[in-house]
Amino acid sequence: MNMFFRLTALAGLLAIAGQTFAVEDITRADQIPVLKEETQHATVSERVTSRFTRSHYRQFDLDQAFSAKIFDRYLNLLDYSHNVLLASDVEQFAKKKTELGDELRSGKLDVFYDLYNLAQKRRFERYQYALSVLEKPMDFTGNDTYNLDRSKAPWPKNEAELNALWDSKVKFDELSLKLTGKTDKEIRETLTRRYKFAIRRLAQTNSEDVFSLAMTAFAREIDPHTNYLSPRNTEQFNTEMSLSLEGIGAVLQMDDDYTVINSMVAGGPAAKSKAISVGDKIVGVGQTGKPMVDVIGWRLDDVVALIKGPKGSKVRLEILPAGKGTKTRTVTLTRERIRLEDRAVKMSVKTVGKEKVGVLDIPGFYVGLTDDVKVQLQKLEKQNVSSVIIDLRSNGGGALTEAVSLSGLFIPAGPIVQVRDNNGKVREDSDTDGQVFYKGPLVVLVDRFSASASEIFAAAMQDYGRALVVGEPTFGKGTVQQYRSLNRIYDQMLRPEWPALGSVQYTIQKFYRVNGGSTQRKGVTPDIIMPTGNEETETGEKFEDNALPWDSIDAATYVKSGDLTAFEPELLKEHNARIAKDPEFQNIMKDIARFNAMKDKRNIVSLNYAVREKENNEDDATRLARLNERFKREGKPELKKLDDLPKDYQEPDPYLDETVNIALDLAKLEKARPAEQPAPVK
């Protein structure tokens with residue numbers, strides 16, 4: 001679900017259809033619950049600890065030194081910006097930092113819960129202070145600055161230092177709204193709602209939130225890709241992997257205290273009803289034979305849990321239509337199995353002159369991906385495309401089996417990836433069918449967010465000489481995770497009152513290319529590297545403080561299905577000539593230069609209105625000029641101001657456009673080359 005918060009002017013009290021909906025403000029610290037472990041958490045902690053210490057690839061001792069590291073990670077997860085807790089708070093609990101291993105083994109998580117409860121109290125105090133700051137006159141004429149990233153800053157020594165940090169935070173929030181054109185009155189109203197909303201959320205925190213954070217600190221200290229998944233996150237994970245769920249087919253978001261329809265899945269129950277529209281608010285949820293439950297002010301995940309249910313069952317929604325002065329209405333929907341098509345492979349065809357290039361955009365390696373790609377390749381074959389692009393940008397991976405089977409569509413047979421466990425045992429995962437589903441020119445487009453299964457596929461295509469890889473160096477995740485439920489068959493017999501216990505993902509293996517190299521930390525280096533607008537940002541495995549190291553093993557025995565190295569000089573020459581003249585890439589290069597010039601200052605922003613307005617005006621002027629240059633090239637009328645830009649305007653994708661050109665060049669070169677006999681590689 002999409003759980004971001006939009007700030008709009010909504011009345012805190014609405015009289016609707018004869019009912020009064022109100023959400024109580026939290027004005028005292030004692031209204032925030034003191035959170036304690038639930039009965040099942042001790043057992044879950046014991047099972048998680050046992051699983052990680054016995055089975056994780058990185059063999060570690062849960063000793064005092066490791067416990068101290070868990071404490072530090074938990075502390076930073078709890079107060080990332082170091083602007084909630086005091087240094088004395090940290091020192092108070094640091095005395096017990098070496099005891100966390102014992103707590104995890106026993107399941108008695110006192111330090112985790114006590115520290116969380118203190119942070120809740122401190123966070124309440126901070127937002128109460130922020131509300132008091134709003135009453136002061138606003139002054140944006142000084143030389144104050146605001147640090148956007150305090151993750152490495154020391155914790156404040158006293159309340160005066162803490163107040164100074166929040167003076168700057170409130171001033172930053174005020175100035176951000178003032179730059180949008182809001183009046184001082186509107187700014188105060190908006191921020192008052194925002195801060196009170198944050199306080200109400202404190203009162204909705206539950207024991208599972210604390211437990212999840214504790215387990216996350218433990219898991220992430222072992223390596224970046226080891227996770228504890230709460231029962232609800234486990235359900236979400238299964239949905240992502242299968243691309244299906246049972247529900248009403250709507251994406252929800254929070255808007256102050258309201259659950260709002262953000263979008264609807266075409267063909268789903270919500271869309272088919274024609275009684276629900278984007279922007280409508282869900283104020284009540286009712287199950288068959290049960291009264292309607294008022295959900296105003298509820299956590300989004302709690303509302304979602306009420307709405308979802310088995311296929312064929314009914315759910316009643318009390319809907320407040322978008323707009324003012326409207327009455328609620330009740331809509332009854334029958335839940336269905338919903339396929340999340342927006343996460344499935346998408347096919348498109350790019351036409352350049354008389355040539356066509358097929359593009360397969362793959363957002364993730366879900367179960368069933370290979371079968372879906374086969375269908376799309378058949379469609380592309382009917383359109384007589386000259387080449388195919390596999391777009392793996394922002395693809396974070398997924399099922400290892402799908403990476404292997406997808407690779408098998410493009411080579412006759414052979415190993416795709418080598419997998420090694422922590423005992424040194426190496427396994428080859430291979431394609432064995434001896435068939436090639438697509439034999440034409442192939443290009444793989446990647447970026448720094450292409451990870452894991454994406455890197456397995458890209459590396460295999462590169463090592464076999466089957467495809468040209470273009471884009472950015474990839475993320476560098478070269479590890480394999482295993483997913484295990486924490487439930488036991490006997491749990492429901494012995495403890496029927498327990499909910500589901502969640503699951504864990506933990507690293508059990510590292511994978512290696514067929515050439516023996518690892519993608520861990522280094523990723524896959526493209527044959528043609530594209531310039532990007534955010535050069536050297538801290539994205540990738542190598543920036544994780546506890547990532548497993550890079551290493552290599554012996555190469556597998558495999559038969560290359562092609563060799564594109566002879567083409568690379570010509571392809572690179574044509575590519576460089578094009579982007580040197582391409583206005584979009586010229587702008588990208590300017591952005592790179594600007595980013596690099598400002599990278600040491602990018603987290604420090606001015607709190608002076610004139611300075612920020614000048615910066616914003618310059619940015620707007622640059623964007624408007626670039627848009628008008630583009631429109632002029634396209635023969636479209638120029639814009640007078642940015643507000644005239646249509647809301648549905650689609651920005652061009654210069655990286656994909658250039659990849660299409662590279663694919664056409666590759667197709668021409670391959671067509672002109674005589675067939676060669678492949679040779680085995682050892």
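Backbone N, Cα and C atoms are what each Cβ position is placed from, and that goes for glycine too.
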Original post:
To which of the residue ranges 515-534, 635-654 does Swiss-Prot assign the term region 'Disordered'?
Top reply: 635-654
Subject >> Rounded Cα separation (Å) that holds between S452 (active site, charge relay system) and D463 (active site, charge relay system) >> reply: 16
**OP:** Report the member of D463, K477 (the active-site residues) whose C-beta atom has the most other C-beta atoms within 10 angstroms.
**Re:** K477
**OP:** On the DSSP side of things, how many residues of the domain 'PDZ' (238-322) fall into helix, strand and coil, could you say?
**Re:** 18 helix, 33 strand, 34 coil
Original post:
Distance between D463 (active site, charge relay system) and K477 (active site, charge relay system) at the Cα atoms, whole Å?
Top reply: 18
Subject >> Overall pLDDT for the domain 'PDZ' (238-322), taken as the rounded mean >> reply: 86
Original post:
Relative to the Cβ position of S452 (active site, charge relay system), how many further Cβ atoms are located within 10 Å?
Top reply: 28
**OP:** Just give the helix, strand and coil counts over the compositional bias 'Basic and acidic residues' (635-650), going by DSSP.
**Re:** 3 helix, 0 strand, 13 coil
